[in-house]
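J.: Have a look at the structure that comes next, please.
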């Protein structure tokens, strides 16, 4: 147990030969703080120096781990408490006929019997907590166990720019050293030790205490953004004791020499890491703010809703007319489904007026600048027109990309899209997409990228051919150049694990896997469920999160469905899905499209095969190329 370097000028030549043979620390990224043995960080325990007893609280520990040069106290607090009572202690010692010594307990804040009783109670509490945790881990879901047992990999935090620390994760990687609580210890107080990152999985890190080398027996998972994870040097600055794990406490005779060698030149967290975590979890949206959000029962319109709660940037919105406040809708604050008050009127979008004539007390309109900005577009030249055909993700069945039609052109680049063959007569299931939305595609996108295209319901001329369909319906394809072709260097790869919102039940966040990558489009599979529940999602969707996000924010994570739960829940889930979809979508059939330099609306198209099922790097023109 120790607080900090007393002095690095101390002679460390007494280190054992086993310590001298320790392997060198592997090189690490350059922009993390370097731990220096300059005498300003730590004091290390020296097994040769024997044991000591704190003169304030009576705790026994390694002498060199004690506070101050005289090694009379186990911590700063004991030293300060003793100082205020030193005169009283001195008088008491003289009356007893014994001068105070470094190993003698001079003053107790409470009787020894009471301390022993408290310590026994503390040990019993620890045992009960251990049993409780074991029971929970057996019955609950553990990302660490799930990843270890299956050798999974997780998407890095840098893939999620909207998530906490997504833009300032830096070079946190394997071999970075941190200070963490030492759970392999029988002391009644909370103590710490240094550990290195063995593996990263999102926010979660597999840690190994220094001194265990290749022994993984006490490896443990924790959230790197948690309150108990600190950069090396934090204990010294905070007056917290560092104690080697009990399992290896006799492994080295000179812990100072060992740690100096292991830590010199190694990397640790930035000193302001916890501050950055805290700042990245501050959200501008607050309860009682009013917004316009899509009406989940009539997708073609918006309604006024009030922010009920904010969790990790996700908003629970309650529709303003809901008397019992149970008619709600979940989405992220950067979702394209929410807008400032007055947005619908400004672009010509349908809007359901509220029966409430005036704002309720405490409710106020959300400032417009808090909402996600859309890319500005020029509608003065060639632009989308009503009746043009395209391909679009069905908002009511996100596992499918369907034949679709532009039903209405709104202001500021917004479009109302209808799914061919399954539209409601009143257009209540039209959906608003921006022209730059990554959820709409030019004609032929699915064929080029070998994605199943869902033809219009009731269309019998199969296999579906766009050329024939356009001719039969007297329609034209939306010009390719009007679609968004940007492909960010997102970093996702097939097989990566993450936490994803079930957009058909947006209050649920589930264990999920990336199963396909088509440029910026990701196929998300919910672990334990059939493929029919998969969803197509953009790589920059605010509904995707790193492993450990739910734990970090306190949101409930839905674990993979077991075989029994799938059988029990499948029927009800499908019923919910069909009810929510409003319209029957027809059987899904694999269609092979045959577009081979045919004329679509009198224009020649050459097809460019886009890279798929791999990590995208940089932008690429992957759509059909329209020749001038």
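Even glycines carry a Cβ here, placed using N, Cα and C.
So Swiss-Prot lists these for the protein:
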- 562-573: compositional bias 'Low complexity' (COMPBIAS)
- 574-590: compositional bias 'Basic residues' (COMPBIAS)
- 609-620: compositional bias 'Polar residues' (COMPBIAS)
- 115: N6-acetyllysine (MOD_RES)
- 1-31: region 'Disordered' (REGION)
- 560-590: region 'Disordered' (REGION)
- 606-628: region 'Disordered' (REGION)
- 141-245: repeat 'MBT 1' (REPEAT)
- 253-350: repeat 'MBT 2' (REPEAT)
- 351-456: repeat 'MBT 3' (REPEAT)
- 464-560: repeat 'MBT 4' (REPEAT)
- 45-80: zinc finger (ZN_FING)
J.: What is the number of residues in the repeat 'MBT 1' (141-245) that are helix, strand and coil, as DSSP sees it?
T.: 16 helix, 30 strand, 59 coil
J.: With DSSP helix as H/G/I and strand as E/B, how many residues of the repeat 'MBT 4' (464-560) fall in helix, strand and coil?
T.: 19 helix, 31 strand, 47 coil
J.: Across the repeat 'MBT 3' (351-456), what are the DSSP residue counts per state (helix, strand, coil)?
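T.: Helix/strand/coil tally for the repeat 'MBT 3' (351-456): 10 helix, 31 strand, 65 coil.
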